[in-house]
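Q: So TrEMBL lists the following for this protein:
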| type | residues | note |
| --- | --- | --- |
| DOMAIN | 18-64 | domain 'Aminopeptidase N-like N-terminal' |
| DOMAIN | 99-315 | domain 'Peptidase M1 membrane alanine aminopeptidase' |
| BINDING | H171, H175, E194 | Zn(2+) binding site |
| ACT_SITE | E172 | active site, proton acceptor |
| SITE | Y256 | site 'Transition state stabilizer' |
| DOMAIN | 403-720 | domain 'ERAP1-like C-terminal' |
Amino acid sequence: SFDIFSSTYEHNGEKKNMAATFKITLEVPSELVALSNMPAFDVKVDGNLKTVQYMETPIMSTYLVAVVVGLFDYVEDLTPDGIRVQVYCQVGKADQGKFALDVAVKTLGLYKEYFAVPYSLPKLDMIAIPDFAAGAMENYGLVTYRETALLYDDKHSAAANKQRVSTVVAHELAHQWFGNLVTMEWWTHLWLNEGFATWVSYLATDSLFPEWQIWTQFLNESTEGLRLDGLAESHPIEVEVNHACEIDEIFDAISYRKGASVIRMLQSYLGPECFQRALASYIQRYACSNAKTEDLWAVLEEESGEPVTKLMNSWTKQKGYPVVTAKVKDQKLEFEQSQFLLSGSPGDGQWIVPITLCCGSYDACRNFLLQTKSEALDIMEASSCSDSQGSLMEAGKRETNSWVKINVDQTGFYRVKYDEELSARLRYAIESKCLSATDRYGILDDSYALCMGCQQSLTSLLTLFSAYREEVDYTVLSNLISISYKVARIAADAAPELLDCIKLFFINLFQYSAERIGWDPKQGESHLDAMLRGELLAALSAFGDDATLAEARKRFHAFLDDRNTPLLPPDIRRAAYVAVMQNVSTSNRSDFDSLLRVYRETDLSQEKTRILGSLGSSRDHDIILEVLNFLLSSEVRSQDVVYGLAVSREGREIAWNWLKDNWEHITKTWGSGFLITRFVREIVSPFSSYEKAKEAEEFFAIHGKPSIARTLKQSIERVHINAKWVQSIQCEKHLGEAVKELAYRNY
């Protein structure tokens, strides 16, 4: 039973509910564990049943009330403050909860200090639930997770799994303050919960695991936000929500990732100490009540004396972001902002942009707010103390201090487009190892986006790639790998005759790193090298490197004979699975069948999702269809189907027909949650022709439903962007000779 105690107040003569506390009683079979938000204070057993009464909750929102009943094992620990923390999981998996338990205990201490407010409940339970659609849910004092986000197995989990557990736990625990103790006023302010929890989870993880360089990896969050927000069909961070059915679709990369990125931009602008003081004031002021975006800005403005509301309104109330164009003219550095859209269409947004720049050295930094369409800086002033030889912009590449990098360390949520001279100098600065990893990442990612938006040629993007041949940073290389997959896909549509040369170029590009890192883990190597190894080997496999494919197959067969073989540790399993799927066909399917056997025999969710994410990389049409049908079978948990939807380019037509044939079943099974949007996005977005976009529009005009409307529009826009990009590449006169020169260059 639920007893809800609410208080009321009058507003304009109308009676309204103000807040609620909950007193919960459960009657359950006596052998089961029964949990709720608060600790139990009374348990009465009566034969096969028991009645459990829980302490009354503090004032809280209804969406955070939770009960869980089932058979569970647990591990537990106490914080120095005496708060009991327990991690529950399926019977027999208790050891896999120890890592998350340790992270939780330490994170509660970190947040108590950061927010200057202790955790507000007497206990914290975290529980792994086998069938769970979201990654996790921050119910007050009883946080629920899918198994892959909470459990970590020393023997069979990869380094990437460890990192995911840490950031998800830190994210959910941040909500205990930001969301639960202080709750958003309405769903329009959802981003405050999610953007903030995402940002602060990196702060906590960095404090616990500084060797992971997690703030460099944060750029992956920013990039996801920038990719979605570069669409005309994006939406502002603050979105009007008028109906409950609209809520699911705003749990997206804008709320989480753009939200986190603009918070990081603001923290960087105001300075970390001022930002922390203001957050502590905000939490204390609005504890046990509701707040809206403006309330946070007001507190930050009070603390900093800066025009926070005016600055941030330009980022939260309008969609999109700017590209800042930088060029040198008459001893001046000219800046101009305009809305960046991947479609190449002109947008009319204008922002207050915190510009940071370094000239030739990280010792010479400038920052200012770009509040108008354009502004110019005197170069001597911009480079102040960094250049005793006269003008910083003296010609040539004699001095490595002649580069100019804007948006230092990528803390700003915008793209930068440099003129040819500045671009050449930055390329030289990358080759000369003068730039930080975050800046190398930013230059690469901005160039890729500009190329996709037809504002830069593929020839110049590939030339930039070659400057990254000796790259050693995990995050930069990981982004280079994912961009290379996308470039190979678009090249296959635009210039199929160059595909082999482009693949060879990528194989050569990654060879240096692959040789440095090898197949086998080294004693005492970093967490980041462990993650990089799997990604590099998967890329070499996907691009058809014969030596990698042969070695992967050999190790996969050793693994089939002995699941504990040191030849295939968890960090490289996915790479081996991708490799063996490359040559699978209906007449040569034994490796596919073996992989399905591994899937059926493991009870580790992370192993299952690793396999599901590899099966679709097959190039054989019949196998792809078999894989997609397998996803709909009872052998795959409904929440895990999405891992298998990203199929190879050769399989995209098969996947589209499969989606249409099974649409009725898919809408019946997944239609009520957010997972259905993933089917549409993963299967429609990869196409690159206007005809296919029209076909998708026509199909969904008849079979669509409101909950996929936004995702469908975004997916069709992506197809249009790809189609335009293909046409742009086909008009590049010197692409063929440039690709051949790059592919056969002797490094």
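Positions of Cβ are set from backbone N, Cα and C atoms, glycine also.
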Q: Name them in sequence order: residues not among H171, H175, E194 whose Cβ is within 8 Å of the mean position of the Cβ atoms defining the Zn(2+) site.
A: E138, E172, A174, F178, G179, N193, F196, A197, T198, S201, Y256
Q: Going along the chain, which residues six or more apart from H175 (Zn(2+) binding site) have their CB under 8 A from its CB?
A: E138, N193, A197
Q: Could you round the CA separation between H171 (Zn(2+) binding site) and Y256 (site 'Transition state stabilizer') to a whole angstrom and send it over?
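A: Just about 11 Å between their Cα atoms.
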Q: State the Cα to Cα distance, in Å, between E194 (Zn(2+) binding site) and E172 (active site, proton acceptor), rounded to an integer.
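A: Cα of E194 (Zn(2+) binding site) to Cα of E172 (active site, proton acceptor) measures 10 Å after rounding.
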Q: How big is the Cα-to-Cα gap, in Å, between the residue listed as 'active site, proton acceptor' and Y256 (site 'Transition state stabilizer')?
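A: Roughly 13 Å, rounded to the nearest whole number.
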Q: Including all protein chains shown, what's the count of other C-beta atoms within 10 A of the C-beta of the residue listed as 'active site, proton acceptor'?
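A: Result for the residue listed as 'active site, proton acceptor': 27 neighbouring Cβ atoms inside 10 Å.
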Q: Let's check the environment of H171 (Zn(2+) binding site): how many other CB atoms sit within 10 Å of its CB?
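A: Cβ-Cβ neighbours of H171 (Zn(2+) binding site) within 10 Å number 27.
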Q: When you measure from the Cβ of Y256 (site 'Transition state stabilizer'), which residues in the chain that are at least 6 apart have a Cβ under 8 Å away?
A: W191, E194, G195, T198, E221, G225
